[in-house]
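Structure first, then comments.
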């Protein structure tokens, strides 16, 4: 049997079950190989592509529709849609996501994390096929609603799966890399639409439509073999299965792994307390000051990431380029493709830095950079229009600022879901993921319908709205976004609920699992012991 490196449980005089006074960081093996040279982590991360690729279809969709607006074949087929007609085409996926929220979090709590990813991916595939064979405007819009419904389910299930299954020290980067799949999908779609520009007839836009399903096929296939969330299994009373997963993927297959045993004890203690306190109710969001704070962040962050002016480069780049007199279709497609490469590389860079610099700092730095670039973008757009587009330097400056803005936007965008998954307790995590989709897509409705109308009506003056919005975002980040890096999912709760909260190592201590971790696995048949210990822990905290 493989043994985990530098495991204290194998040292003389160290009790494998003694975790008194320790936190997760204390039991992480110090000399475990990097994931790229560790076959176990290679396999785990490969299987987690079932969740990591989630935003690829969304990014592909945004960039594809952006590119299609520069395709004469698409414009001719659908009668050159504008205003609300174009907005409805853009809104389709957002509408589907909004419908999916009626069931998405319930599916995650009922079926686990893997099965909803599989089912949602199948819906995206079906929607992409219908979109490809669309014969009219209505069929095209309907297909996009189906795609959105599948996206909503997958996007709700994937962040909890990744945050709960990935190796503890990789959590921040892995969940952030999920958001990097958005610019990856956008990059692929941009170059596909650029390549199909030369195709005569409707296959210039039908080919990108069918390719939208590619990554969903990969996700559906891998979801069948991906490990289930050990937290979901523990919450359902399936302790042995949860321990087997932790041992296999986090403990090198060694049942004496101190890391796997500590995780099992900490997760079990925290979730048993949550079950006793019935924290899975929707009313729990407003039951404490800490949960009010979480609720605000779960609603605000996705809206912030949608309402930072980024939609103008995601869905309406052609209109922005038209506003500075860059009207050649092929040039627009090429610029869109180049912008997506830049966005993907930027997102990957900042996702790799999330654990080095922390979540709060990246939010602050990214939003500051976005604000500065947007102000310059606005000024140059105004000067360009007022001089009758005679000075190419102004247009060049606007283009440069679009790329600078994209760089700083991707300092924030990869860590939104990461942050939300970290600040919410297990019993509210699927609901938080659903709220993330809900708010983001409600904000997307505004982007879909208001942006094209505003761009046509007031042109560059509309950018001022986003300059003000970014200033508001920066202020709220500074005052309300605490740092979460370096803590386990259970330990983050202490930031919001106080140092004495019955979570993480506090719950372990109060339930006696810090000195007897095996008890966390020993209640597969009879959970009464854990339940009574959890009730005692709650009473102990209430007395403080």
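Count begins at 1; order follows the chain as displayed.
Cβ from N, Cα, C; glycine included.
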Range among 413-431, 432-450, 489-507 that TrEMBL annotates as transmembrane segment: 432-450
Range annotated as transmembrane segment - as stated in TrEMBL, picked from 174-197, 198-221, 222-245, 246-269: 174-197
Transmembrane segment per TrEMBL - which of 361-379, 513-531: 361-379
Positions whose Cβ lies under 8 angstroms from the transmembrane segment (361-379), at least six residues beyond its ends: 308-309, 350, 353-354, 397-398, 401-402, 404-405, 407-412, 415, 419, 460, 463-464, 466-467, 470-471, 473-474, 477-478, 481, 483
Interface check, the transmembrane segment (462-481) with the transmembrane segment (140-162), three or more C-beta pairs under 8 A: no
